[in-house]
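Colleague: Feature list, courtesy of TrEMBL:
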type	residues	note
DOMAIN	17-423	domain 'Major facilitator superfamily (MFS) profile'
TRANSMEM	32-50	transmembrane segment
TRANSMEM	56-77	transmembrane segment
TRANSMEM	89-113	transmembrane segment
TRANSMEM	119-144	transmembrane segment
TRANSMEM	156-177	transmembrane segment
TRANSMEM	189-208	transmembrane segment
TRANSMEM	246-264	transmembrane segment
TRANSMEM	276-297	transmembrane segment
TRANSMEM	309-329	transmembrane segment
TRANSMEM	335-356	transmembrane segment
TRANSMEM	368-388	transmembrane segment
TRANSMEM	400-416	transmembrane segment
Amino acid sequence: MAIVREPVEARSTVRRAVAAACIGNAAEWYDYAVYGALATVIGAVFFPAADAATALSAAFAVYGTALVLRPVGAVVFGRLGDTRGRRSVLVVVILLMTGATAGVGLLPGYASIGLAAPVLLVLLRAAQGVAVGGEVGAAVVFILESAPSSRRGRTASWHTATMALGIGTGMGAAGLLSGLVGDAGSWPSWWRIAFLLALPLGLTGLYLRRRVPETDPFARLQATSRRLDHPIRELWRRHRPAMRRGFCLVAAGSAAFNTFFIFVPNHLVVEHGAALTRTLLGTAATLAVAAGAALALGGLSDRVGRRPVVLGCCAALVVLAVPAIVIATRGSLPGVMAAQLLVGLPVVGILAVAMLGEAFPAPVRSTGVAVTAGVATALVGGTAPWLAQVLVRTTAGETAPGLYVAVIGVVALGAVRRWPETAFRGLP
């Protein structure tokens, strides 16, 4: 009887751990995405300017500011994850993210409190950036360490899938609200609802995270006194090659995602007169497809290895980035969705979190994943929408952002070619 019950209990434990990490992950990325989805509205409310494009540039700059601060959260919460536990970090970061997002929903605009409005907006976005910097390392490692060794790719891909679903839900909510009340112009504060919806989503994630135990690898670290007081120092001494390769990989995926799923929809609304509602709902639909692709590619990596899958996705990104931006900027919604699928499917394969988590041993795994992803997103991904806007305005050409993504894809391709296969061995 015990022979039958044990694997059933093990599977149940894995499901609870994945659900706790992923539902909270989706809630946090919902929070983060709402700002990007409503950048055109936020630009008008908090950054009054002579023209909409300038206000949008300011809104994108604040979007990038939050991502630039991700390394701060990565260092602080990554270290706590390696010294105090993965679960405790998951609880703290979801509280921080939920509070900051709801705060944006309650914040008065420039017309009410003047310069204090954009200043407070920057501070709240900074808190979001710190929270996401901690979330990525803790959630990825928590899922990876809870997964059976033969299904780490598939199980860890739930992190990427729920990230896409969370972002898509944020954009879908913003699109629906825009269609129901925003376009009518009868209620100028309609956009605040999308931010305030963070409260029930975040509290649900918090409830689930508080009810799951710590992972077995971290429990073994505690039992054997292998925890490090300064994991960032150990990373720098012994794991710089893994961090460099991971940086290139995350930079490519993050730059492509932020260009095609954040910059493109907002650019079309401002420069081509596209309807905000239809653009956001179309983007949400493509993200749902990308979420399914993430699970399929994660499962494939368990069978054929991480390197073939990620190499193929990097090559696809290099080839497709420029044609995709040409299609997207023609202004039609079907073209935008087609371009987002062309790029989004390789992106979810590039952001293969199992491969990144497997590159670091348990004593520094949380810090390694968090810092690598945080720095790459801050320097490359977070600045991508703002840089794309600058490139379009200074070059008078809309293909420049696609070229930028393709070049970063080439760098990632070179990095993955030097990455050892990690799928068929135990976690270090």
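Just so it is clear, glycine is given a Cβ too, placed from its N, Cα and C backbone atoms.
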Colleague: Residue list, the transmembrane segment (276-297) vs rest of chain: Cβ under 8 Å, 6 or more residues beyond ends.
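Modeller: Counting only partners 6 or more residues beyond its ends, the transmembrane segment (276-297) has Cβ contacts under 8 Å with 37, 40-41, 154, 157-158, 160-162, 164-165, 167-169, 171-172, 174-176, 178-179, 182-183, 261, 265, 268-269, 309, 313, 333, 336-337, 340-341, 344-345, 347-349, 351-352.
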Colleague: Taking the transmembrane segment (89-113) as reference, which of 32-50, 189-208, 335-356, 400-416 has the most Cβ pairs under 8 angstroms?
Modeller: 189-208
Colleague: Check the transmembrane segment (32-50) against each of 156-177, 368-388, 400-416 and return whichever range has the most CB pairs under 8 Å.
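Modeller: Counting Cβ pairs under 8 Å, the winner is 156-177.
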Colleague: Would you call the transmembrane segment (400-416) and the transmembrane segment (246-264) in contact, using three or more Cβ pairs under 8 Å, pairs 6 or more apart in sequence?
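Modeller: These two segments touch.
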Colleague: Could you check whether the transmembrane segment (335-356) and the transmembrane segment (56-77) come into contact, where contact means at least 3 Cβ pairs under 8 Å with the two residues of each pair 6 or more apart in sequence?
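Modeller: Judged by the Cβ rule, the two regions do not touch, with the required three close pairs absent.
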Colleague: Grab the pLDDT values for the domain 'Major facilitator superfamily (MFS) profile' (17-423) and give me their mean, rounded.
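Modeller: The average pLDDT of the model in the domain 'Major facilitator superfamily (MFS) profile' (17-423) works out to 86.
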